[in-house]
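A.B. asks: OK, Swiss-Prot features for this one:
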- Asp53: active site (ACT_SITE)
- Trp50, Gln51, Asn52, Asp53, Gln69, Trp77, Trp114, Ser115, Arg178, Asp179, Glu233: substrate binding site (BINDING)
- Cys389-Cys436: disulfide bond (DISULFID)
- Asn142: N-linked glycosylation site (CARBOHYD)
- Asn510: N-linked glycosylation site (CARBOHYD)
- Asn516: N-linked glycosylation site (CARBOHYD)
Amino acid sequence: MQLLVPIYKRHSNSNFKVSSCSSSPMCPVNGKLQLHDGRTAYHFQPAKFWQNDPNGPLYHNGLYHFFYQYNPHGPLWDTGKLSWGHSVSGDLVNWAFLGTAIDPTDPFDVNGCWSGSATVLLGGRPAFLYTGRDAGGVQVQNVSFAKNPLDPLLREWEKPSCNPIIAFPADVINNNFRDPTTAWLGRDGLWRMVVAAEVAGAGSALVYRSADFLRWERNAAPMHSSAAVPVLECPDFFPVAEHGIDGLDTSANGGGTGVKHVLKLSEFDTHQDFYMVGRNRRVQWLWVNEYDSKADDVAKGWAGVQAFPRKVWLDGDGKQLLQWPVDEIETLRTKRVGLQGTEVKAGGLHEIVGVASSQADVEVVFEIPNLEDEAESFDPDWLDPHKLCKDKGAASAHGGVGPFGLIVMASGDLQEQTAVFFRVFKHHGKYKVFMCTDLTRSSTKADVYKDAYGGFVDVDIQKDKSISLRTLIDHSMIESFGGGGRACITTRVYPEHAATSSSHLYVFNNGSGTVNVSKLEAWEMATATVNSADALDAITRS
């Protein structure tokens, strides 16, 4: 069994706030949610209040169930005690809110039902593993079971009296013991799960095993440990096929059968994955925090958005996980415009018109005809992608091959704009492709977080002389996928002047040579039904 250990990070504004829906301009009107203050049109978010970590996505009895950290009392993480919100869907696009699945009502979770996971047991009964904060504020691990597994909506959950199933370990410090993973069944008939903990100052992924899902014993050695961070938030462990894009059930075992296992670790708490029986794919969720001010979130009455669900698979060389929006998103595509064989010369700016660019899906392939002549030298000291994106990758800068890409959510005078782009460097006869999202000019507001994020894209641009970019634009949410999903950047923007009806979309090139747009397709996206009052009837009828 081989382990891949990617480390993911998120960037967020830690200022969280509260208000009631009664004063919020985004409250439902005649069952429909109004798009104000950056509310998205086709991404998952509750009708009101706070959400964060995805916690137990599963596919059961023909429906997708999504559970998530939810404050049913306001859009604030640290006031109130978190519950698990529960929504269902028939297509991963349109969602109905079912209320809360579990709430902090017992001594072992009275201070909050924190993050965890869902596992479907033998016989088909779903179970939650989750962290509770007990009456003393101590983090312990608990279990809850679906009361009626035959109920397609899984409305009722019960907590056995034997909770907590894992008490706080003696060698764990600083109350860092949380986030149990989806369990997997080994060939020895034992269930196993991973729990994040701080042991001797290091972040550790502790392994526990059980025969009955109620009594758990800890393995002597952790699955992984790192002194770089005190706790590895929300670990995840799952198999992927070495060949092809099919997902695998969590209990699939390697053993030389073309399976690799992935241990996903994070310095922050962002991701959750699940396997979809019948479709043979692994789907990933990603929480994206707000970057705006306390006053903004108090006024709008909600906080937190989920990225659009992504399928996850291993690339052909077996070295990298790829991410891509699930195919169901294409059902939202409506009006289409396109470009083909268009030159964008040095300093060029080409507007894409004909679609509502604040709610769009854009796919583009760029060709670089003069790669060898134009690429700048790469400095080996440029090891920090975040710093490189700020210092060398700014969209307004001029370089050799790039920056080139898309400008999205732009005002007519370009005073506000967000750039998603590539830049290519040369180092010892090889080429390094850098991808960046630059928020520094995304808004004229002074009280929103505006930074630049970047990463290297593992592609052989010397061979192909081209690179692809896909960007999902949904008002305050921008998701970009470079090189077919080899690099992904997700962020939030809050423009004042590039409103829903007045935003602009451009292809740009600030490099010294010409870049060709070999193909561009942009689709206007319909508005999904997400947690509004009339969603459940439509979902259960379908």
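Any Cβ shown, glycine's included, is placed from N, Cα and C.
Let's see these features in context: how buried, what's close, how far.
C.D. replies: Of all the Cβ atoms in the protein chains shown, 27 others lie within 10 Å of the Cβ of Asp53 (active site).
DSSP gives Arg178 (substrate binding site) a strand state. Of all Cβ atoms in the shown protein chains, 24 besides its own fall within 10 Å of the Cβ of Arg178 (substrate binding site).
All chains included, 26 other C-beta atoms sit within 10 angstroms of the C-beta of Cys389 (disulfide bond). DSSP assigns Cys389 (disulfide bond) to a helical segment in the three-state reduction.
Following the DSSP three-state reduction, the secondary structure of Asn142 (N-linked glycosylation site) is strand. Cβ neighbours within 10 Å of Asn142 (N-linked glycosylation site), excluding its own Cβ and spanning all shown chains: 25.
Here the Cβ of Asn510 (N-linked glycosylation site) has 23 other Cβ atoms within 10 Å, regardless of which shown protein chain they belong to.
Cβ neighbour count for Asn516 (N-linked glycosylation site): 18 (other Cβ atoms within 10 Å of its Cβ, all protein chains included).
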A.B. asks: Would you mind pulling the longest C-alpha to C-alpha span across Trp50, Gln51, Asn52, Asp53, Gln69, Trp77, Trp114, Ser115, Arg178, Asp179, Glu233, which the record has binding substrate, in angstrom?
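C.D. replies: Max Cα-Cα spread across the substrate binders: 20 Å.
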